[in-house]
Amino acid sequence: MAGLRFLDIARPFVSWIPEVELPYENWGFDEKLIYSFFTAAIYLILSLPIYGVKSSEVVDPVPHLRSALGSEKGTLLELGLLPVITSAFILQLLAGWKVFKVNFDLVSDRILFQTLQKITSVVISIVYAVLLTFCDYFTPGVSTDNVLWSQFLIILQIVVVNFLVTLLVEVIDKDYGFSSGALLLLAVYSATNFVFGTIGLSTVNTSRSNESIGALIQLFRNLSSKPIGVAIYDSFFRVNLPNLTQFYLGIAIICVCLFLNNARYEVPIKPNKVRAMASAYPIKLLFNGSLPLLYTWTVLYNLNLIGFFVFKLTNFSLLGNFKVDPFGNNYYEITSGLLYLLTPTFNAEAGLLPNVAKPFVFIAFYVGVSTFFARSWSNINGSSGKDIAKFFKAQGISLLGKRDASVSKEFNTLVPVASASGAFLLSFPVAVAELLGGSGVPTSIGIGLLSGLAILETVLQEWQQSGGASQFSQYFQTS
């Protein structure tokens with residue numbers, strides 16, 4: 001017992017929990033492209049309605065949080081990537097902070113860690129699915145008379161699909177595709193959501209009229225049937241559906257992300273064996289990419305769900321008081337409590353003081369959590385100054401005008417500053433955009449775009465390494 005580690009909890013489950021095997025040989029560029037495409041396509045197809053539930057009648061407690069984590073109300077993607085990402089963040093942070101010991105250089109420890117992540121993801125999905133059921137979340141949309149059996153089927157569907165999503169993520173992570181599986185799925189989901197919310201032709205019946213999903217499409221419909229002032233106002237401020245405010249805030253965040261993504265500091269380096277040759281090692285301002293935004297939004301999503309469960313099961317409103325929207329009647333509004341200060345939407349019922357304090361509290365929380373995560377993550381994911389120094393030594397590279405012993409010290413100064421500064425400069429405008437009526441779109445765009453750019457960079461690198469030997473070469477020409 002003295003030698004038992006926390007990681008050993010997963011050992012009994014290794015043999016019977018399904019696992020995606022590593023490829024037996026290096027996967028070709030075209031094969032990776034096809035696997036990435038079909039993995040993303042399968043994820044989008046999973047947004048089918050839950051059998052036994054009328055999704056249109058389900059009242060949503062977290063409407064503004066869904067798109068950034070790939071979830072959709074009343075569908076098989078009810079929890080989206082939340083369990084997978086939550087389990088990954090929790091375990092990797094705990095391992096990085098040495099709460100439990102894991103040696104990623106050992107194959108056995110890596111297998112145990114991956115199994116523990118899957119177990120944690122399944123447990124989170126079971127707990128959340130059961131609590132949603134006990135909170136009568138699905139009850140308004142249950143379409144059968146046998147409620148208990150129907151609720152069991154609902155829980156089963158959510159848990160099974162969540163495990164399937166875990167395997168989809170693992171397919172990409174195990175080098176069958178490009179980059180990270182979770183980031184790939186989030187990038188695709190964010191892009192399709194933004195395009196559909198802008199030019200979607202589908203229509204829905206609302207209390208106002210029959211309206212198009214796409215904000216731009218609805219603008220043209222409004223201009224043909226309403227006075228120009230009313231048409232423009234309705235297009236910018238309609239609720240429950242995508243509007244032009246969200247569209248333009250999304251465009252603004254795209255510009256911010258593209259600008260920050262190109263900012264970098266180049267450290268002069270030279271190979272030890274060729275003294276006359278010098279080059280540069282780039283330290284990007286957005287050193288951690290979209291991860292600070294993703295971590296902060298994951299924390300907010302979990303806090304809102306926990307607050308909803310506590311309120312519905314105990315009627316305790318300190319965390320949050322959830323009331324059904326009196327107009328649309330298909331989502332909950334937080335009207336008071338601690339979570340109200342962490343919600344970007346405003347409500348007159350909350351009173352003057354909470355509404356005045358909300359912008360400052362929300363921005364401070366969003367920026368603070370993102371910056372804290374960015375500083376911590378660079379020391380956890382193998383990108384610390386010590387890790388970079390090891391890489392340089394293995395590759396026979398040194399800093400121009402510096403001794404080998406000072407490499408670690410130099411990067412230990414640069415990396416934390418770049419990580420924290422980048423997270424601050426990225427999270428601040430996104431938080432402001434959320435307060436201006438973004439309804440989750442700015443965060444979703446930030447995560448999706450930065451993830452997509454990282455994936456595109458990986459795709460181009462692998463295409464160049466393959467010598468351009470691809471049936472899709474015409475789409476990757478760099479000159």
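Glycine is treated like the rest: Cβ placed from N, Cα and C.
What you are looking at is a predicted structure, and each value in this text was computed from that prediction instead of being measured.
As recorded in TrEMBL, the features of this protein are as follows:
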- 33-53: transmembrane segment (TRANSMEM)
- 74-95: transmembrane segment (TRANSMEM)
- 115-135: transmembrane segment (TRANSMEM)
- 147-169: transmembrane segment (TRANSMEM)
- 181-201: transmembrane segment (TRANSMEM)
- 245-264: transmembrane segment (TRANSMEM)
- 285-311: transmembrane segment (TRANSMEM)
- 356-374: transmembrane segment (TRANSMEM)
Find the member of 74-95, 115-135, 245-264, 356-374 that has more C-beta pairs under 8 Å to the transmembrane segment (181-201) than any other listed stretch.
74-95
Would you mind listing the long-range same-chain contacts of the transmembrane segment (74-95), meaning Cβ under 8 Å and 6+ residues beyond its ends?
43, 46-50, 53-56, 58, 66, 102, 113, 116-118, 120-122, 124-125, 128-129, 132, 138, 141, 157-158, 161-162, 165-166, 169, 182, 185-186, 189, 294-295, 298, 301-302, 376, 380-381
Should anything in the same chain at least six residues away from the transmembrane segment (245-264) have a Cβ under 8 Å from its Cβ atoms, list it; otherwise answer none.
194, 197-198, 215-216, 236-237, 282-286, 422, 425-426, 429-430, 433, 436-439, 441-442, 445-446, 449-450, 453
Under an 8 Å Cβ to Cβ limit, what residues of the same chain, 6 or more beyond the ends of the transmembrane segment (285-311), are close to it?
61-62, 65, 68-69, 82, 85-86, 89, 128, 131, 135, 183, 186, 260-261, 263-265, 317, 319-322, 332, 334, 337-339, 342-343, 366, 369-371, 373-374, 377-378, 383, 415, 418-419, 421-423, 425-427, 430, 443, 446-451, 454
